[in-house]
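Enquirer: As listed in TrEMBL for this protein:
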type	residues	note
TRANSMEM	20-41	transmembrane segment
TRANSMEM	53-73	transmembrane segment
TRANSMEM	93-112	transmembrane segment
TRANSMEM	132-151	transmembrane segment
DOMAIN	136-227	domain 'CAAX prenyl protease 2/Lysostaphin resistance protein A-like'
TRANSMEM	163-185	transmembrane segment
TRANSMEM	191-208	transmembrane segment
């Protein structure tokens, strides 16, 4: 049995575990970020309603660091044997993935202006942007470097690899996109366009992953999408 066949059989068996890991990662991320923010805001009477922008960045970054570190510890064999080899890809895919991410983000931004969501007092990025340039740059780093790498590791690495080992490639891509959308449900639960954008992005990233036989294009597309969305906001 070839290494590829062995990995496919192993991934298929671990599908339920990987789906539970996605849920556990989301819960750990939310809980850890909230605890960190509460600790940082403990000396401020205004509490979470007037959260400091820098504190928000620290809470988000700390939550990601803790939850994704645990994820890597629980899946270290996949990381070493399958994820690292998937980082190799040709230059054409690198360029294409970055360009597609930029244009897709610009298209979503255009739709969001034409079909605005419900009004809200302020979002996380607005609060951080108003605090300081340092906090803004830190957030941009988190959402364009840290988040794409680890979200792609989870969704287009662990989960999609398990799904396409059990089902047809297209079905695996669709299911992984649904799980990806569910992971972002708390951000866009009241805005259908936001949910559809995340689902469509999940389909696109899954296509890059399976067509290029590498996970690097999906990471780069995800990163360029996030960066463009922030710059256009």
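Here the Cβ of each residue, glycine as well, is placed from N, Cα and C on the backbone.
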Enquirer: May I ask for the residues of the chain that lie six or more residues beyond the transmembrane segment (93-112) and have a Cβ under 8 Å from a Cβ within it?
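Expert: Distant Cβ neighbours of the transmembrane segment (93-112) are 193-194, 197, 200-201, 204, 208, 212, 214, 216-218, 220-229, 232-233.
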Enquirer: Let me spell it out: take the transmembrane segment (53-73), skip the flanking residues so only those 6+ beyond its ends count, and list any with a Cβ under 8 Å from a Cβ in it.
Expert: 21, 25, 28-34, 36-37, 40-41, 79, 124, 127-132, 134-136, 138-139, 142, 146-147, 150, 153-154
Enquirer: If I take every residue in the domain 'CAAX prenyl protease 2/Lysostaphin resistance protein A-like' (136-227) and average their pLDDT values, what number comes out?
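Expert: That stretch averages a pLDDT of 95.
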Enquirer: What are the DSSP helix, strand and coil residue counts for the domain 'CAAX prenyl protease 2/Lysostaphin resistance protein A-like' (136-227)?
Expert: 83 helix, 0 strand, 9 coil
